[in-house]
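Student: Sending over a structure as structure tokens; questions will come in a sec.
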Amino acid sequence: MDATSAPHRIPPEMPQYGEDYHIFEMMQSMLEQLLIHQPEDPISFMISHLRRNNDNVPRVVILGPPASGKTTIAMWLCKHLNSNLITKENLLEREFSLLSLEAKKHYQVYKRVPNSTLVSLVQERLNEDDCLRRGWILDGIPERREQALMIQTLGLAPKHVIVLSAPDSVLIERNVGKRIDPVTGEIYHTTFDWPPELEIQNRLIQPEGISEIDTAKKLLEYHRHIIRILPSYPKILKTISSDQPCVDVFYQALTYVQSGHRCNAPFTPKVLLCGPMGCGKKLQAALLSQKYGLVNISCGQLLKEAMAAESSLGDLIEPFFEKRMTVPDSIITRVLTERLKQQDCIQKGWVLHGFPRDLDQARLLNSMGYSPNRVFFLNVPLDSILERLTLRRTDPVTGERFHLMYKPPPTIEVQARLLQNPKDSEEYIKLQTDLFYRNSGDLEQYYDRAIIVNGDQDPYTVFEYIESGIINPLPRKVT
């Protein structure tokens, strides 16, 4: 590169390509695996790693006290994510494994498995092809801090650790009524989850060691070990209360497992705000611009600026404004392209609102090479929109704007001279809102990773939701 031609500017296509294909994350993952496994032939190792394409498979650890429901949640997660459930029981029952046979004999005599043996069983299972391809969910493993450290030393690092918690009194009550279906392995309860089928009821069995005294002993042992395990997973740990319906626990666990952790990859926000008029797009765009320095791009404002500048594009726009007609998409995209390709948008990122309004415009924006990496739909009921807009008034003398409910005029004299913008009439608002929602379904389907935000709340609460959606990685879709 010629040093005399500085300053050098990276073409905008390069970071866009890296972001689209997750180049940074891919290189980071390969480097991690190289340092963990230290292969003699790094090139062949990296090629096989790329062919495996398993960076995003679930690697989850679920911990919790007896009767917390961790096995049920783990089974549901496995079915939903098409992953492999790994428990101490199925590790001991594996066929064609000498290690499992030895561990089972030891367990039958001493009622426990040595730490090193259990970790070796875990390593053996996780290195099998189905676990490499589809990921794994460890149920109740590790049981002790020593096991957690040994697993980490082997480079078997989970991406998400879920810890279920509930009061001991609740857990004891649950455990006493626990029943197991020997055919399917499903867990039922005499009070909370009794099967309706008589056939299943008749074959249920009561597991050993679920009396109140036995459960209290197990809880005591669990509490003694869990406080030493948790510091091993400081940044990937989430505690979920299991003293709630099982479906709610599962939903929280699934949401966490599908979420990604923050990455060090370079990220330039390109935000699109969609919503009906009066939903607060302009305010949210201004707040994002103020806090993060994003370039605030209002499509309508851009068209007015182009017309005021008396440019060639402005001459094309002016007749449509004078006749109050919709500006053609071809002209709008030319104005947008001129703005989005400027250096401040490339360096700082941007927040766009007012375009696209329908599916064709969304496809047009994407074909221009300016697809957003965060899309938010602000949903507000029509009643709230009417309340926000129809009560707006302007003082023609001072230019000050009022709202008859939230910011009333100070005197009767001022109130008497207030005027309403024709665009704030109820008929016009209903027409525009109906037009937006007629096209919003196609837009939401096109931007299938968009985030839906309830815009009918305090604007700073809405901003916090949008901010969270920008800062945190988008949740992964289950295929």
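These residue numbers are counts, starting from 1, taken along the chain as shown.
Cβ atoms here come from the backbone N, Cα and C positions, even for glycine.
Below are the features I grabbed from Swiss-Prot:
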type    : residues                                                       : note
REGION  : 58-258                                                         : region 'Adenylate kinase 1'
BINDING : ALA67, SER68, GLY69, LYS70, THR71, THR72                       : ATP 1 binding site
REGION  : 87-113                                                         : region 'NMP 1'
BINDING : GLY140, ILE141, PRO142, GLU143, GLN147, ARG203                 : AMP 1 binding site
REGION  : 177-206                                                        : region 'LID 1'
REGION  : 269-471                                                        : region 'Adenylate kinase 2'
BINDING : GLY278, CYS279, GLY280, LYS281, LYS282, LEU283, ARG392         : ATP 2 binding site
REGION  : 298-327                                                        : region 'NMP 2'
BINDING : MET325, THR326, VAL327, GLY354, PHE355, PRO356, ARG357, GLN361 : AMP 2 binding site
REGION  : 391-424                                                        : region 'LID 2'
Student: Looking at the binding-site residues LYS70, GLN147, LYS282, LEU283, whose Cα is closest in space to that of MET325 (AMP 2 binding site)?
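Tutor: The answer is LYS282.
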Student: For the ATP 2 site made of GLY278, CYS279, GLY280, LYS281, LYS282, LEU283, ARG392, how many Å separate the two farthest Cα atoms?
Tutor: 17
Student: Out of GLY69, GLN147, LYS282, ARG392, which of these binding-site residues is nearest GLY354 (AMP 2 binding site) by C-alpha distance?
Tutor: LYS282
Student: Of the binding-site residues ALA67, THR71, THR72, ARG203, which sits closest to ARG357 (AMP 2 binding site) by Cα distance?
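Tutor: Going through ALA67, THR71, THR72, ARG203 one by one, the closest to ARG357 (AMP 2 binding site) is THR72.
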Student: Let me know how many other Cβ atoms fall within 10 Å of the Cβ of GLY278 (ATP 2 binding site).
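Tutor: Within a 10 Å radius of the Cβ of GLY278 (ATP 2 binding site) lie 23 other Cβ atoms.
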Student: Measuring CB to CB from GLN361 (AMP 2 binding site), give everything in the same chain under 8 Å that is also at least six residues away in sequence.
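Tutor: Counting only residues 6 or more apart in sequence, the Cβ neighbours of GLN361 (AMP 2 binding site) under 8 Å are ASP329, ILE332, PHE355.
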Student: Including all protein chains shown, what's the count of other C-beta atoms within 10 A of the C-beta of LYS282 (ATP 2 binding site)?
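Tutor: Cβ-Cβ neighbours of LYS282 (ATP 2 binding site) within 10 Å number 17.
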Student: Based on DSSP, name the secondary structure state of ARG357 (AMP 2 binding site): helix, strand or coil.
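Tutor: Once the DSSP labels are grouped into three classes, ARG357 (AMP 2 binding site) ends up as coil.
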Student: Counting across all protein chains shown, how many other Cβ atoms sit within 10 Å of the Cβ of PRO356 (AMP 2 binding site)?
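Tutor: Within a 10 Å radius of the Cβ of PRO356 (AMP 2 binding site) lie 25 other Cβ atoms.
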Student: Closest to GLY140 (AMP 1 binding site): which of the binding-site residues LYS70, LEU283, ARG392, going by Cα position?
Tutor: LYS70
